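J.: The structure that follows is given in the form of structure tokens.
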Amino acid sequence: MIIIGIDPGTATTGWGVIKYEKNSRHSLRTNQPVFTDRSVEFINFGCIITELDRQLGDGGMGNRLATLRRELRKIIKTYTPDEAVVEQLFFGVNSATAMKVGQARGVIIETFAYEKLPVYEYTGLAIKRLVANHGHSKKKEIQIAVNKIIRVKEVLNPTDQDGKVVKRFRDDAYDAVAAALCRIMKLETDRK
């Protein structure tokens, strides 16, 4: 099964693709899935970066959302995922930002629906708790936990839709992989 995870945003949307085969076991100490060498395979990750256009009345929001849809469809075509995971929106102090991210989430979910992919949604808290064993894990802790699960020793750098390395958006791509891993862990704990 191939799973795509998404960390939604209007300027930057992180994505991560992993392959999962149901052959893990559970740790007696933590009750968490213990993945064998072949049960989880990291495929790729990256970021969709959209451009702000101040000359347009809405700041180019329509163009940003169109870019998001177009690039997400390319990723879906390339990796042919079976399921999608989208991080749920957290309403913080800035409601204007939350509304814009909500628009991006709508486009993302609609794109997956158009492609006939089942979509699962988890809160950032749930993703952090399952992947890093702590609901308030910092970004660096998420990267370490993801690398441990996918068996990578160094910090990876994502690329954008043009193939350029975008180190400054590493957190977005890692969060997307964590969302996909959260889905696997939910499958495993539900299966137990």
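Note that Cβ sites are derived from N, Cα and C of the backbone, with glycine treated the same way.
Please treat TrEMBL annotations as automatic predictions, because they have not gone through curation.
So TrEMBL has the following annotated:
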ACT_SITE  Asp7  active site
BINDING   Asp7, Asp172  Mg(2+) 1 binding site
ACT_SITE  Glu87  active site
BINDING   Glu87  Mg(2+) 2 binding site
ACT_SITE  Asp172  active site
J.: By a simple count, how many Cβ atoms lie within 10 Å of the Cβ of Glu87 (active site), its own Cβ left out?
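T.: Summing over all protein chains shown, Glu87 (active site) has 25 other Cβ atoms within 10 Å.
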J.: I'm trying to understand the geometry here, so how far is the Cα atom of Glu87 (active site) from the Cα atom of Asp172 (Mg(2+) 1 binding site), in Å to the nearest whole number?
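T.: Distance between the two Cα atoms comes out at 11 Å.
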J.: Looking only at C-alpha atoms, tell me how far Asp172 (Mg(2+) 1 binding site) is from Asp7 (active site), rounded to the nearest Å.
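T.: About 6 Å separate the Cα atoms of these two residues.
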J.: Just jot down the residues in the same chain as Asp7 (active site), at least 6 apart in sequence, with C-beta under 8 A of its C-beta; none if empty.
T.: Thr13, Gly14, Trp15, Glu87, Asp172, Ala173, Asp175, Ala176, Ala179
J.: Just to be sure I understand the packing, how many Cβ atoms besides its own are within 10 Å of the Cβ of Asp172 (Mg(2+) 1 binding site)?
T.: 26
